[in-house]
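Feature list (source: Swiss-Prot):
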DISULFID  C43-C113  disulfide bond
DOMAIN    21-120  domain 'Ig-like'
REGION    21-43  region 'Framework-1'
REGION    44-59  region 'Complementarity-determining-1'
REGION    60-74  region 'Framework-2'
REGION    75-81  region 'Complementarity-determining-2'
REGION    82-113  region 'Framework-3'
REGION    114-120  region 'Complementarity-determining-3'
SIGNAL    1-20  signal peptide
Amino acid sequence: MRLPAQLLGLLMLWIPGSSADIVMTQTPLSLSVTPGQPASISCKSSQSLLHSDGKTYLYWYLQKPGQPPQLLIYEVSNRFSGVPDRFSGSGSGTDFTLKISRVEAEDVGVYYCMQSIQLP
């Protein structure tokens with residue numbers, strides 16, 4: 001007779017609370033830049049992305065037209081292999097920035113910031 005109560009306890013343990021969901025907000029939503037000029041995109045998280053292991057799980061992706069998203073920056077400021085050094089990431093806690101020192105025509109696309117400290 002104890003099984004139903006134990007099962008209910010397990011189910012309750014796995015119900016996510018909506019108040020704990022992390023919301024990511026990027027600004028600006030659209031940006032027009034002349035080639036050769038710098039560009040900056042901000043990303044704000046509703047909660048700190050600093051993990052107990054000391055790492056901050058914030059990533060930047062670029063999706064070029066007709067292509068899947070490609071990783072640019074991982075853990076706030078580390079450039080992924082092959083990413084040009086004109087791309088840089090910075091920030092901590094809840095506030096992050098992606099900077100492009102000199103925009104090139106090939107940089108056109110949709111930029112996303114993503115967290116992985118909390119997964120669905």
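Note that Cβ sites are derived from N, Cα and C of the backbone, with glycine treated the same way.
The list of residues near the region 'Complementarity-determining-3' (114-120) in space but at least 6 beyond its ends in sequence, with Cβ under 8 angstroms from a Cβ of it, reads 20-22, 24, 45, 47, 49, 51, 57-61. Within the region 'Framework-2' (60-74), the DSSP-based counts of helix, strand and coil residues read 0 helix, 9 strand, 6 coil. Within 10 Å of the C-beta atom of C43 (disulfide bond) sit 24 other C-beta atoms, taking all shown protein chains into account. Mean pLDDT across the region 'Framework-3' (82-113) comes to 97 in this model.
Within 10 Å of the Cβ of C113 (disulfide bond) there are 23 other Cβ atoms, across all protein chains. Look at C113 (disulfide bond): DSSP puts it in a strand.
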